[in-house]
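Features as listed in Swiss-Prot:
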TRANSMEM  1-8  transmembrane segment
TRANSMEM  32-53  transmembrane segment
BINDING   His38, His137  heme b b562 binding site
BINDING   His52, His151  heme b b566 binding site
TRANSMEM  68-88  transmembrane segment
TRANSMEM  133-153  transmembrane segment
BINDING   His156  ubiquinone binding site
TRANSMEM  181-199  transmembrane segment
Amino acid sequence: LTGLFLAMHYTPDVESAFASVAHICRDVNFGWLIRNLHANGASFFFICIYFHIGRGLYYGSYLYKETWNIGVVLLLLVMMTAFVGYVLPWGQMSFWGATVITNLLSAVPYVGTTLVEWIWGGFSVDNATLTRFFAFHFLFPFVILAMTILHLLFLHETGSNNPIGLNSNADKISFHPYFSYKDLLGFAILLVALASLAH
């Protein structure tokens, strides 16, 4: 939601991208807060993802191949989204990042130069690059949402982890109030931590 509000005021242009972000922070009502929540929220999202992966490794969830592989694709998609989003406020990439990626691509025999021009939209990082990065950063979350639904769909094919294979119905407790309050508490703690970073 914060991204949608930011997109209303952002300009994907190398000359005015940084100025538009400064305008969001200074002139838009609570623009500084929206930008803060967007950036720090993304960082918290990654922390949650790493916890999720760690739990999956601990409980051997990689044995559910389809669910795990979709999760890996999800992680790559989220990382790609974060990468193209990181470029947007500055209106240019760090020269180091641009050089490394450009050199990697241009090293491909025969088609290297064409690859660089195809990805950047020119010989280097320029206006075309910024415009397509903005478009990708806006579109990828919808792809991520679709993949998340697939991730859950495959998880519900097998159910979550039950290595012994015994009937565990007797041990089950209702989702509400136990798990709903547990999730609500975690969400509240995360929200307080996020809000405290927004000063």
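Cβ coordinates come from backbone N, Cα and C, glycine included.
Not measured: the values here are computed from a predicted model.
All features noted in Swiss-Prot, drawn onto the structure.
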residue	record	Cβ within 10 Å
His38	heme b b562 binding site	17
His52	heme b b566 binding site	14
His137	heme b b562 binding site	22
His151	heme b b566 binding site	19
His156	ubiquinone binding site	10
Which residues of the chain, 6 or more past the ends of the transmembrane segment (32-53), have a CB below 8 A from one of its CBs?
2-3, 5-6, 21, 24-26, 71, 75, 78, 82, 85, 190, 193-194, 197-198
DSSP-derived class (H/G/I helix, E/B strand, else coil) of His52 (heme b b566 binding site):
helix
Fill in the CA-CA distance, the residue listed as 'ubiquinone binding site' to His52 (heme b b566 binding site), as an integer in Å.
17
Distance, His137 (heme b b562 binding site) to His151 (heme b b566 binding site) (CA atoms, angstrom)
21
Do you know offhand how many angstrom separate His38 (heme b b562 binding site) and His52 (heme b b566 binding site) by C-alpha?
21
